[in-house]
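The structure appears below as structure tokens.
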């Protein structure tokens with residue numbers, strides 16, 4: 001019984017939150033890695049792109065809520081998501097046309113593009129704060145839980161409850177669907193193949209008649225969609241606040257680099273590695289230890305390796321270790 | 001119009017803008033802009049050293065600035081004897097153990113052969129070291145933080161004159177930069193960027209959470225000042241008399257006097273650093289740096305140790321940022337970790353350097369003064385602009401929303417300025433020669 005309770009507590013506090021956080025990071029890291037693979041620079045504006053897409057979705061959600069449109073138990077934001085994606089696509093395409101294309105034609109050094117993306121980040125950040133304000137926005141509606149802790153307890157008779165939030169379930173399901181779609185696109189369609197070819201060897205791709213501007217445009221479309229989905233899922237799961245999206249930049253980049261920049265599979269693996277490490281290292285294991293250990297050994301302290309305020313430090317340390325021992329990432333991205 | 005005249009004119013324009021603030025708003029506001037402008041100019045010299053001279057992409061300026069601020073607390077605040085006796089020794093021992101664990105791991109990694117044996121030994125050292133470190137540190141931290149938490153609850157500082165914290169802040173930042181540089185330099189430039197971004201966030205997280213060190217988000221206030229307090233000046237009959245001689249009331253005169261004092265101190269630091277940076281730029285060392293920046297492979301072929309030189313310039317530039325941070329905290333008289341924002345302390349400094357002209361020290365200083373002026377003044381200008389724009393609209397949700405959001409215009413404006421400069425004048429206002 002104690003053992004089962006320990007497993008339930010572990011799932012409730014560690015596995016499920018880490019799964020959904022990992023999916024969100026993976027979606028974010030996929031966007032970063034695609035930009036890196038095709039446009040060949042680290043896009044610092046990615047966090048704020050996510051915030052922008054999520055913001056448009058939130059505005060559409062509010063409009064739908066005021067019109068009385070809803071999805072029953074599911075959050076209305078799902079219906080509003082296409083609007084968010086369209087808004088985000090418009091934004092990134094305009095940005096690309098007005099800002100990045102110039103440097104692409106000049107064949108500017110990547111570091112210049114990184115600085116430019118910093119400027120874009122400033123502008124997007126200002127835009128989001130200007131439109132929706134810097135505060136927390138809640139836009140989650142529908143049923144709060146797929147299964148609540150109390151229902152689980154009455155169902156199984158265990159002491160520990162297992163709660164799965166709707167947003168967590170949705171995050172994982174959506175992420176799986178989006179990733180499957182992305183890989184199907186990259187591996188099976190003509191456009192996807194031309195993107196991979198362009199990323200792999202630009203000169204050879206150009207020689208075989210691939211239109212680089214088209215590849216770049218498709219990349220931005222996909223990145224905008226991924227960023228919006230990631231931003232909305234994160235906003236549903238936690239809450240929407242423009243500044244937190246800027247702070248997501250570090251774990252997202254850590255995921256992309258740990259997996260290997262430019263490698264989509266790596267981005268997904270990296271997202272889960274970072275998420276699971278963050279959650280396990282900052283979780284207080286006391287509860288689980290009490291179930292598993294004999295009474296004499298029960299700990300007095302929280303058995304928490306690091307306080308949750310140091311979440312960022314966890315992704316940072318993993319990033320440093322990977323950079324030191326395997327600079328191209330676990331899945332051998334295209335770097336150096 | 002030759003170059004010197006043009007540059008002098010540019011500086012005159014910025015000076016004129018600040019004077020205009022004095023005439024139009026108040027001299028206190030103008031001096032406030034001038035003082036923070038000078039501090040920003042020091043930061044800009046540091047970033048220019050790294051980016052302009054050596055092409056290193058450091059976006060962790062905020063962290064080094066915050067370390068400088070920490071130095072101001074550690075140097076100048078009076079020590080808390082009760083806290084030291086409660087857990088000072090334990091904390092020092094804990095920190096030494098922590099450092100010892102890291103050093104042991106590094107030595108082990110260097111000495112042992114690669115293989116599973118080394119991995120296991122490393123893991124054992126790190127895990128055991130971490131738990132010993134926590135076991136020694138945690139009780140002492142609790143004891144220290146329980147000592148009169150409303151007023152102290154931290155170890156306090158050394159009680160030395162606060163000016164000393166400026167060089168010490170530089171040293172602290174240099175130490176952190178050395179650690180980061182050792183690990184992340186020599187990798188691709190984006191990796192250095194991510195690593196510095198991360199370390200800056202972690203330094204802020206430490207300052208916010210380690211109450212025993214600098215009271216965390218409870219803030220350290222009342223840091224001793226190198227200059228007299230306004231209230232003392234107002235009670236000093238000689239000062240009041242002199243102020244009356246200028247036709248000023250004592251309150252205004254005392255605030256202006258203190259701000260002018262800071263301006264003079266900052267100007268001395270700026271001039272010294274500027275002189276050193278100019279000497280460095282025109283020395284063989286500076287030429288070597290630029291050669292490395294422009295073509296690493298060629299420089300390496302000429303026998304230059306690129307990674308070492310990068311480490312050197314990275315440490316120097318970060319130290320200058322640390323000095324600026326200590327100066328800023330000294331002027332504020334308080335350390336408030338909650339106010340350190342990357343957009344304000346890292347990216348804004350970058351905008352300053354790029355707008356001013358990367359690779360040119362005078363450009364960096366000019367950019368710092370100009371951008372700081374804009375940063376302060378864009379907000380009232382934005383509010384004014386929106387008031388004009390919305391004056392025709394009927395009162396309602398949209399109008400009040402627009403007026404409320406005007407404060408966020410400055411981020412947008414700074415991004416726009418950065419992108420426009422990079423596009424149309426990538427060499428900045430005062431280009432590198």
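Cβ coordinates are placed from backbone N, Cα and C, and glycine is handled just like the others.
Listed by sequence, the residues of this chain that lie at least six past the ends of the transmembrane segment (A:20-39) yet keep a Cβ under 8 A from its Cβ atoms are 46-47, 49-50, 100, 104, 113, 167-168, 171-172, 174-176, 178-179, 182, 195, 198-199, 215-216, 219, 222-223, 226-227, 229-230, 233-234, 237, 248, 251-253, 255-256, 259, 261-264, 266-268, 270-272, 274-276, 278-279, 333-334. What TrEMBL records for A:20-39 (among others) is transmembrane segment.
The transmembrane segment feature in TrEMBL is assigned to A:51-71 (among others).
Sequence annotations record features per position, and here TrEMBL assigns transmembrane segment to A:77-99 (among others).
Per TrEMBL, transmembrane segment is recorded for A:111-132 (among others).
What TrEMBL records for A:168-186 (among others) is transmembrane segment. Counting same-chain residues at least six beyond the ends of the transmembrane segment (A:168-186), those with a Cβ under 8 angstroms from any Cβ of the stretch are 16-17, 19-20, 23-24, 26-27, 30, 74-75, 78, 146, 192-193, 195-196, 222, 225-226, 229, 233, 236-237, 264, 268.
Residues annotated as transmembrane segment in TrEMBL: A:215-236 (among others). With a threshold of 8 Å between CB atoms, the same-chain residues lying at least 6 positions outside the transmembrane segment (A:215-236) that come near it are 20, 23-24, 27-28, 30-31, 34-35, 38-39, 46, 49-54, 56-58, 75, 77, 81, 84-85, 87-89, 91-93, 96, 104, 137, 139-140, 167, 170-171, 174-175, 178, 182, 185, 191, 194-195, 198, 205, 245, 248.
Taken from TrEMBL, the feature transmembrane segment covers A:305-325 (among others).
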